[in-house]
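According to Swiss-Prot, the features are:
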SITE      Arg15  site 'Transition state stabilizer'
SITE      Lys22  site 'Transition state stabilizer'
SITE      Arg151  site 'Positions MEP for the nucleophilic attack'
SITE      Lys205  site 'Positions MEP for the nucleophilic attack'
Amino acid sequence: MCRTALIVAGGKGLRMGSELPKQFLPIDGKPVLMRTLEAFHRFDEKMQIILVLPREQQDFWRELCEEHGFDIKHQIADGGETRFHSVKNGLALVNGIGVVGIHDGVRPFVSQEVIARCFREAVVRKAVIPVIDVVETVRHLTESGSETVSRNDYKLVQTPQVFDADLLKRAYEQEFTPFFTDDASVVEAMGVPVYLVEGNRENIKITTPFDLKVASALL
């Protein structure tokens, strides 16, 4: 069975306050995006890796790869207008049948255990996402103010979100709506249940300068 990692990296670094897109920022001298690809290559050296990047960033990425001697085999697809369209472009390069894991390019600290768990369960469950517990108190905003809700009723969603390849391709044939906030929401729109597995708290999404400091501490 074919395994594919589809890495989506379309950020512009606005929240980071940097001219350099966040996926290219270095952690201990190595770009975030390279560390992310390495995590999946470490899990399965034969895995197909597809990187989705805005066309205007692709030459710079190739220059970075040459500069760092980065030789992990991967294909590049053009980023789209939205994340939905970016993933759809990447899916066009998926080889054959199997399972596809879609992962944020700025989550380099996903554990090998989480990757294995998601891909293993997706073979049986067809649609799997990693989640972690909410540890802070949560309040729901109302017209009159706000109210406390039970944090036990909520989970924080991470990536990779892993699906049967055929199912995922059919899901992405749907018309785009703003309610598609992640891949699970696209698949759920077809009436397909999504199975939850345990993620890892270190699997942070690097989007702010503070996140970069945390990332450096995690090495």
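Placement of Cβ uses the backbone N, Cα and C atoms for every residue, glycine included.
In the three-state DSSP classification, Lys205 (site 'Positions MEP for the nucleophilic attack') falls within coil. If you measure from the Cα atom of Arg151 (site 'Positions MEP for the nucleophilic attack') to that of Lys205 (site 'Positions MEP for the nucleophilic attack'), you get 21 Å. For Lys205 (site 'Positions MEP for the nucleophilic attack') paired with Lys22 (site 'Transition state stabilizer'), the C-alpha to C-alpha distance reads 10 Å. Once Cβ contacts within 10 Å are tallied over all protein chains shown, the recorded sites Lys22, Arg151, Lys205 are led by Lys22.
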